[in-house]
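TrEMBL has this to say about the protein:
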TRANSMEM  12-36  transmembrane segment
TRANSMEM  48-76  transmembrane segment
TRANSMEM  96-120  transmembrane segment
TRANSMEM  192-214  transmembrane segment
TRANSMEM  229-251  transmembrane segment
TRANSMEM  263-284  transmembrane segment
Amino acid sequence: AECEKESGSLLWIFVMVGNIVRGMGETPIVPLGISYLEDFAKTENSPFYLACLHTATIIGPFLGSLLASFCAELFVDVGSVDAGDVTIIATDARWVGAWWLGILICASLNLLAAIPFWFLPKSLVKEGETNEPEETCKKRVVLLQENEKKEAEQTINTEQWIIHLIKHHTNWLHYFVPDFIPFLKALFRNPVYMLFICITVLQFSAFNGMISFMPKYLEQQFGKSASDAIFLIGVYNLPVICVGYFFGGLFMKKFKINIYQAAHIAFWVSLLEYLLYFAAYWTVCDTSPVAGLTVSYE
């Protein structure tokens, strides 16, 4: 009778809101962090710094997979249930790991990692340059103030245009299409942008499929626990990606590769990566016997 009762807990709301806040905090790091490096680093050093940044973004998931492997070995009610009272093992289908423990640890680490960002200055002297003369600084301040004034006027004009559009129920397509279509054509004609789109599709198709399905494949075909499967995925994949990011940055710095060359190299390497993943089709194991499907119930 107790098992038939539906759970009325609303704790899932805290997990959802926590993930939303985390996403809001993590999202600006990539676009703003890359812009920060590009603005204040030498042109020849920028690829190396970006490689270090992307390497750090892979080290995090690698350590996270190790943490997830550790938490998956602990029963979900760790701390409130005696380990001796748990009669099932980690390879049992009914086993649920302490998933919530990883969330608490990562939340604490994210909070600590956010503290240094509060002390980053808004502006730095570009790497390799000296401080600018006082007159140059004053001219730059004046230009910035003029740009801010123009942006404010443009914002006001845009708001007035939107209010006018709403009041008079004007057909918005009349204003939207003439500007949108040429802009869309310009994007499709940009070779670097289109190559980047192709690279992203190839990488997500190859990597995300492995991340999504390989742990379950290891559990079903090789009898691994969820903890062991997560550990193997992290150990065998993420460190190699870190090495690729790091040496890719060194390669670009050494040979002074421009953005067009980098886009072409990234596309062909990603295509080769995607084709190499097809080798997984040869790692086929015998189908496990399933009562009623591959073998009879008798």
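In case you wondered, yes, glycine gets a Cβ from its N, Cα and C as well.
Between the transmembrane segment (96-120) and the stretches 12-36, 192-214, 229-251, 263-284, the greatest number of Cβ pairs separated by less than 8 Å involves 12-36. Only sequence-distant pairs (6 or more apart) were considered; of these, at least three Cβ pairs between the transmembrane segment (192-214) and the transmembrane segment (263-284) are under 8 A, so the stretches are in contact.
Counting Cβ pairs closer than 8 Å to the transmembrane segment (48-76), the top stretch among 12-36, 229-251, 263-284 is 229-251. Residues 47-52, 54-55, 58-59, 61-62, 64-66, 68-69, 72, 210-211, 214-216, 218-219, 257 of the same chain sit 6 or more residues outside the transmembrane segment (229-251) yet have a Cβ under 8 Å from a Cβ within it. Listed as Cβ neighbours of the transmembrane segment (12-36) (distance under 8 Å, sequence separation of 6 or more from its ends, same chain) are residues 50, 53, 57, 103, 107, 110, 114, 120.
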